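For reference, the structure is listed below as C-alpha cells.
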Amino acid sequence: MTKIGVLGLQGAVREHVRSIEENGAEAVVVKWPEQLEDIDGLILPGGESTTMRRLIDRYGFMEPLRQFGESGRPMFGTCAGLILLASDIVGYDEPHLGLMNIKVERNSFGRQKESFEADLSIKDVAENYNAVFIRAPHIVSAGEGTEVLAECDGRIVAARDRHYLGCSFHPELTDDHRIARYFIDMANEAKASLAKA
Amino acid sequence: MNTGTDRVKRGMAEMQKGGVIMDVVNAEQAKIAEEAGAVAVMALERVPSDIRAAGGVARMADPRIVEEVMNAVTIPVMAKARIGHIVEARVLEAMGVDYLDESEVLTPADEEFHLLKSEFTVPFVCGCRDLGEAARRIGEGASMLRTKGEPGTGNIVEAVRHIRKVNAQVRKLVHMNDDEIMTEAKLLGAPFEVLLQIKKEGRLPVVNFAAGGVATPADAALMMELGADGVFVGSGIFKSDNPAKFARAIVEATTHYQDYKLIAELSKELGEPMKGLEISKIAPESRMQERGW
C-alpha cells in the first residue's frame, strides 16, 4: 500500500492523516528524520511555519527533508507547509527548504478576522472546491516549469512544480478529500517510475 | 468569500495544535517566545501570578501593549477580555487581534452572562472545568477550549482535574444511547445539540488546550499525555530564571511528550521554576476558576 507521511512536529496533523486514510492509503506521522526512509510521499501540514522551522532545525530534519525531495518522492505543502517548500519568501533573505520553484508571501490576506472560505476551481482536481484560508500566504509568482492550479481573487493559491505540490488553503479542514487523492496519485506514479529507474 | 465562519474560526485553533501559547507583557518577551517556537502569544498587561499578587480589578490590557506585541511578531497574537465585557472584546477585535480569550484571569464584568461569541468575526477561546461548561461555551460560539486550571499558581493539579473530568465525560457520552442524551444535557446544564454532535463525532468539536498551572516541561508533557491538544503557559516562562531556555524546553516537551529521555535532557539545569502555590492556601473566593459558570 502507498505510505504517505505527515510531518508531525506541530499543526493540523490528525486531519491530514484522516484524508489520506479516507483515500485508502496508509498514513504515517513523521516525528523523526529516520521515518522518512520508508514513505512514498510527504505532506507538510498547516500550522505555524516559524514554529515548525524551529523544530526542523532542532531535530536535524533540514537535510533529510531536502534529500527526500531531491530523491524524487513527492511533497505536498499546505499553508505553512507551502511556505516551508517555497524557494523564495517575500521579506526574507533565505527560504526554508527552498525546493519548490515559487515565491510566496506570508499572511498575505491579512490577520485572522480576514480569514475566509471561498469556492475555487482547481485544475485536474475539482471544478467546485470549497477552500478554507486561515491567515493564509499566497503564491506571488510561479517560477519556470511551475503550473498554476488555482487562483482566488487574482492571486495564485495552488501550484505544482514537478513532484512538488503546494496550496495556500487547508484541504485537510473539509470533508472533500480530492486534493489528497491527487497527491496520492502523484506518489504512486513516482513510486512506479523510481522502481523502474 | 465568507469571513468569520465556524470552519475558519475553529480551523485557526486546529493550526495551533501540538504547540505552546505563551503569555507576554511586551515586545521583547513576544520576540523571545516566537524565537523559542511558540505558536502564538497572549498579550497581557500582567501575567496571572502578578494579577493575583496585585489584587484589585484586572481588566483588558492597555491597547498600546497589545499593539506593540502585534507589531513585534508574525505569529498570531491573542488577548484577554473580561467575561461578559462586550466592549473590551469588540475593541480587541477592531484592533485585529487574532484570537480572544474570554478569561477568568481577569475580573468578570458580568456574573450572569458570557459573551455571545458566535456574533463575532474573531474566534474565541474559553476556559472549562467539565463537559457542561465546555458545551455551554461551544453553544455560545467558542472556537477553542482550554482547561481553567488555577492560573498563576504554578500548580498543575487543577488543570489535571479539569482535563480528566472533561475527557471522562466525553467518553461516557459517546457510549450513551441517543435516548439518554437529553437527560445528560439537563444534568450537565449543556446544550442538547452540542452533546449530540460530540456523541456523533466521538470527540469535542473544537480543540482543547491545557492552561492554568503549567510550570515545567514535564507539566506540559503531562497535559499532552492526558489528551490536551496543546498548552498555554502563563506565568511559568517569564517568571523563571532563564525564559528563553525555559520556553524552548516547554515547546520541545510538548512536541515530544512521550520521549522521556528527551524531557530529562530538557529539564536539566533550567534554573528555578516559578514558585508554586498550594491550592488549599487560596481562599475559595480568590480562586479564578470559580469565575464564570
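In case you wondered, yes, glycine gets a Cβ from its N, Cα and C as well.
In the record from TrEMBL, residues B:Asp23, B:Gly213, B:Gly234, B:Ser235 bind D-ribose 5-phosphate; the candidate from B:Gly84, B:Gly96, B:Gly141, B:Gly152 listed for the same site is B:Gly152. Excluding B:Asp23, B:Gly152, B:Gly213, B:Gly234, B:Ser235 themselves, the residues of that chain whose CB lies within 8 A of the CB mean position for the D-ribose 5-phosphate site are, in sequence, B:Val47, B:Pro48, B:Ser49, B:Val105, B:Pro151, B:Thr153, B:Gly154, B:Gly212, B:Val214, B:Val233, B:Gly236, B:Lys239, B:Met274. Most other Cβ atoms within 10 A: among the recorded positions B:Lys80, B:Arg164, B:Ser235, that distinction falls to B:Lys80. Taking the domain 'PdxS/SNZ N-terminal' (B:6-211) as a whole, pLDDT averages 96 in the prediction.
Other C-beta atoms found within 10 angstroms of the C-beta of B:Gly213 (D-ribose 5-phosphate binding site) number 31, with every protein chain shown included.
Secondary structure at B:Ser235 (D-ribose 5-phosphate binding site), taken from DSSP and collapsed to helix, strand or coil, is helix. Checked against B:Arg164 (D-glyceraldehyde 3-phosphate binding site), the recorded positions B:Asp23, B:Lys80, B:Gly234, B:Ser235 differ in C-alpha distance, with B:Gly234 being the nearest. Cα of B:Lys80 (active site, schiff-base intermediate with D-ribose 5-phosphate) to Cα of B:Asp23 (D-ribose 5-phosphate binding site): a distance of 10 Å.
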